[in-house]
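**Q** Here's a structure for you.
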């Protein structure tokens, strides 16, 4: 608790700096990542982030120490070579994109690990710090490094904000962009540069192995909540920043704990929660929507059964008869009876269940839709009368009043369905 | 049966187009008058989309050139509007109908300038013309095929062009929408605009277009509807591909070298 207060009150200026840096990094990488996620290029980010490792090592060798400018430049160039190579291979060979990306990722990363191991054997005491580039160490970043990483992040955010319209076009309809004379090749090139930069700024805080997660996961999680680009970008940035700060906090509290994995843990939490509970596209919402629909279906079938009993001149059905209609669904049937009673659609008189006048109108509506749909299948789609029942049984719950009106008009308020049963309508007053 | 015109709005001179090493359009040479509703007809794989894509400069020609309003394409882009095939974009992209229609104003805005009220009004007027005002705020993935098509046409209208090139704007569109869109295109043509439409249905083409271009890897016919719509032309267009031409194409592909380039 003491640590928590100490960390989040930012009394320590170095913590305040790190949090500011992580915030900029989070916003920048979430922005770029969301675009590449929408452009279905998520894997490219992963390849680039692994591919910057050899550049980091070479930068270190050239500088002879952990000089951030050398390392960032090395990482950027190495990422650029990987990006260029992947698009060159795509244009000039018949290899599929995933093969190219997998190859580039493993070759570059393997080479980087070889360099790293060789460096570690060299006995240079500064090498120890290089390990943090694998899984990241946000707390260990010095203020001068932060200035470089934060400055780059700020540049990314600015460029993306200014060229939002161009990047929107690049992802949604690049052909159209070309047709109106926009330099789409240059725009794509600029985006690739931003993408590599977004990876580079995260190498020290998050590490090369997990940087792709910080690019892609925020956008993917935020996509569950919104259908518009601007809110999507803002929400993705929010997820990314919060995860970044929490991950930094954990690596602050527990000595030797790398930051990257914890940032990914928090990001994944956001993603899982979004996947489960977001409205419309979330799992739980869809589960309950489906359940609600099935309950409604069952209720309407029950109403129909009661209506048909009435047509046959019976004063309702007994509870046992109703249970027998749906032999393996006793709990559902019981629930439907309770619901229908609450809706005032049915009356329970001792053991006999009958429709109320409100219930008759509702049951009539379902029966009418059923028979109208049967008529439509038979008349307009040439399906034999003995083949139309099953389809109607499912679609009667779906047909909207608008479609109903269209059906009625098409057949001019028909009296009989293909089985010569009457299509019921409430009497006009 | 190729009718050439004086002072054409669009002149295609000996255009040959290839994908990789594979020629898909051979020596197309035609000219079009202004203010017409022009249909491009032909079987699947005849090069209809390729023709309008190469007019728009989206595919570089292997040889030949295109002149629009007697000028090279890049000088007159602002006066041309292009409607790509509906399937060419991902409709799950997070955008509203209005967002997409606003893209039609990007060309005149230029790079890095944001659309403002003027552009929004123009986009709303364009939506009104295709009868989609009520859908402005709708997420584009919720639209039906015909509605998506109308959004694309509204985006083209927002470009306020003089020449319109539309790739299959009637694919997956219901009858009522088809008639409404055709009426809109007719009105545009009578207002002096030229509308070129890739189309697949010969029957409706007979009723709607003033001028027809018939393609089958090569140009079969180009001219006023009455002069080109006859049995011979239809047979040449739809009666299968020229056997010898296909053989030569195969040969070029096997060589992995295109002698037509240069």
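A Cβ is built for glycine as well, from the same backbone N, Cα and C atoms used for every other residue.
From TrEMBL, for reference:
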- A:356-425: domain 'Iron dependent repressor metal binding and dimerisation' (DOMAIN)
- A:15-35: transmembrane segment (TRANSMEM)
- A:42-63: transmembrane segment (TRANSMEM)
- A:69-88: transmembrane segment (TRANSMEM)
- A:100-119: transmembrane segment (TRANSMEM)
- A:146-164: transmembrane segment (TRANSMEM)
- A:205-225: transmembrane segment (TRANSMEM)
- A:232-254: transmembrane segment (TRANSMEM)
- A:260-277: transmembrane segment (TRANSMEM)
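Have a look at these and tell me how they're positioned relative to everything else.
**A** As a summary of secondary structure, the domain 'Iron dependent repressor metal binding and dimerisation' (A:356-425) carries 44 helix, 2 strand, 24 coil according to DSSP.
Beyond the transmembrane segment (A:69-88), the same-chain residues lying 6 or more positions past its ends with a Cβ under 8 Å from any Cβ of the stretch are 44, 47-49, 51-60, 62-63, 100-101, 104, 108, 148-149, 152, 192-193, 195-197, 199-200, 203.
Sequence-distant contacts of the transmembrane segment (A:205-225) (same chain, six or more residues past either end, CB-CB distance under 8 Å): 21-22, 25-26, 29-30, 32-38, 42, 45-46, 48-50, 52-53, 56, 109, 112, 132-138, 141, 149, 195, 198-199, 231-232, 235-240, 243-244, 248, 258-261, 263-264, 267-268, 270-271, 274-275, 278-279, 281-282.
Long-range contacts of the transmembrane segment (A:260-277) within the same chain, counting only residues at least 6 positions beyond its ends with a Cβ under 8 Å from a Cβ of the stretch, are 135-136, 205-207, 209-211, 213-214, 217-218, 220-222, 224-225, 239-240, 242-244, 246-248, 250-251, 283-285.
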**Q** Against the transmembrane segment (A:100-119), which of these stretches has the most C-beta pairs under 8 Å: A:15-35, A:42-63, A:146-164, A:232-254?
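**A** Per the Cβ count, the answer is A:42-63.
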